[in-house]
Amino acid sequence: MEKWSLMTITVLLALTVRWAVSLGSYSGAGKPPMYGDYEAQRHWQEITYNLPIRQWYFNTSDNNLLYWGLDYPPLTAYHSFVCAYIAKLINPDWVALHTSRGYESQPHKLFMRTTVFVADLLVYIPAVILYCFSLKETSAKKKVSSALCILLYPGLILIDHGHFQYNSVSLGLALWAVLCLSHDWDLLGSVAFCLALNYKQMELYHSLPFFCYLLGKCFKKGLKGKGLVLLAKLAGTVLVSFAACWLPFGTDVEQIMQVLRRLFPIDRGLFEDKVANIWCSLSVLIKIKNVISPRTQLKLSFAVTFLSLLPACIKLTVQPSLRAFKFALVSCALSFFLFSFQVHEKSILLVSVPVCLIINEIPFMATWFLLVSTFSLLPLLLKDELLLPYAVTTPAFLAVCLASFSILEKTSAEDLQLKAFSLSLRGYVSWFKSFPRIVRSLFLLSLSLMGVLSVLSAALPPPQRLPDLFPVAVATVSCLHFLLFLLYFNVVILWDSKNKGQKKIS
């Protein structure tokens, strides 16, 4: 009973923080003609309610794709339609065709914020709670601490409840998939992940770990017996799930092709804005967009991404385990974020949520990564006037992690899951005995640097000759952190010896 009481308090606290953040500004507030993501979500409700399905993804006189054209998979469109149906009952002006463009009012803001709140409450938060309750060989206190830290992760809160998006739906569905796989409900987990992928195509970041884990499981069972049966069932489940999601579009090949063109717009370029990935950071020195053709950029990013995630995927396929699966989710998503084509700054959330899943195993590194991921969003948050929520939720998250896990005391090689790696280097690296002190020093230096850049970005106007100085600095510093984290997670995966024989979440 005490465990449930603490978890209830945790959920109430998480909901309170979300509500407080939602009271602030949102993306594009009062900034015509395009406004921002808030208007994009409202406009999709307008389009899906007033136009027939066959016109949702096509450019017509009633659906100008240059004005926030729908560019997410069918489940997002269906979700927008449901929200629009409710909005129409409350106030038809909110979704009136053409005349509702840029609609802003306090009642409408309350409605839109509530839709995100409900999505979080129905999909993401229950998945987090059940995941933490399912943790094996973990005390009740640690389960509650894990849930508290995950639910108070500021990056997701600031983007969904501040900036305004529904990332908690796709990420929540992916988390449900992880939860199902942890209980050997492979078919149900496959359905949940297919739903996540059909809500946001960026869930492709997680697709290879799911594929490799389940394929490795089939190999382990034997492809001449139970393994082949499982593989056939999984293939059938995926096909049926996709068919159900795409059914309204499946009668016309041109419909399907147009949706795919909207989901994967190659012509947008290698990256947008000041995203903390390798291509944006390198563009400070080499203007890649000017030197290499768009097609070559696409091929280069694909090749580098594929090579960077290959080691983790091979290891997971050969030695499938839940522990390796969770770490591969982190590593592969981070590879996609750093090296793939057309990355947005908000895509770092696709790395952060898998990191949340291992916060009970490596609390120090997980906390550090989650702080950097939130910091990488700073330019976007400043643009949306979300400085105050950022300045409150980020230190609060750090304080909760410090209190819950005593992270500064969890810096030994063993605590960081580097014991096997350290043993292979001990004869060559004399400073390994000082490893915990070095790691703590780097962490404090990192926090100081992020703090200074946050203050400078918020308080000082950039030089006229360098208007993007602070966003570029934030992106570059974050990218350097992420590269080191990618190296770290791959070392943990490749030198891991704990995953043998694991079947349940640990």
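Placement of Cβ uses the backbone N, Cα and C atoms for every residue, glycine included.
Listed features, source TrEMBL:
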SIGNAL    1-22  signal peptide
TRANSMEM  110-132  transmembrane segment
TRANSMEM  144-161  transmembrane segment
TRANSMEM  173-197  transmembrane segment
TRANSMEM  227-249  transmembrane segment
TRANSMEM  324-341  transmembrane segment
TRANSMEM  348-375  transmembrane segment
TRANSMEM  387-408  transmembrane segment
TRANSMEM  442-460  transmembrane segment
TRANSMEM  472-495  transmembrane segment
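When each of 110-132, 173-197, 227-249, 324-341, 387-408 is scored by its Cβ pairs under 8 Å to the transmembrane segment (144-161), the top-ranked stretch turns out to be 387-408. Beyond the ends of the transmembrane segment (173-197), by six or more residues, the same chain brings 73, 75, 123-124, 127-128, 130-131, 134, 203-204, 206-207, 210, 213-214, 217, 230, 233-234, 237-238, 241-242, 245, 322, 325-326, 329, 353, 357, 503-505 to within a C-beta distance below 8 angstroms of the stretch. Same-chain residues lying 6 or more positions outside the transmembrane segment (227-249) and placing a CB less than 8 Å from one of its CB atoms are 53, 73-75, 186-187, 190-191, 194-195, 198, 214-215, 217-221, 255-256, 259.
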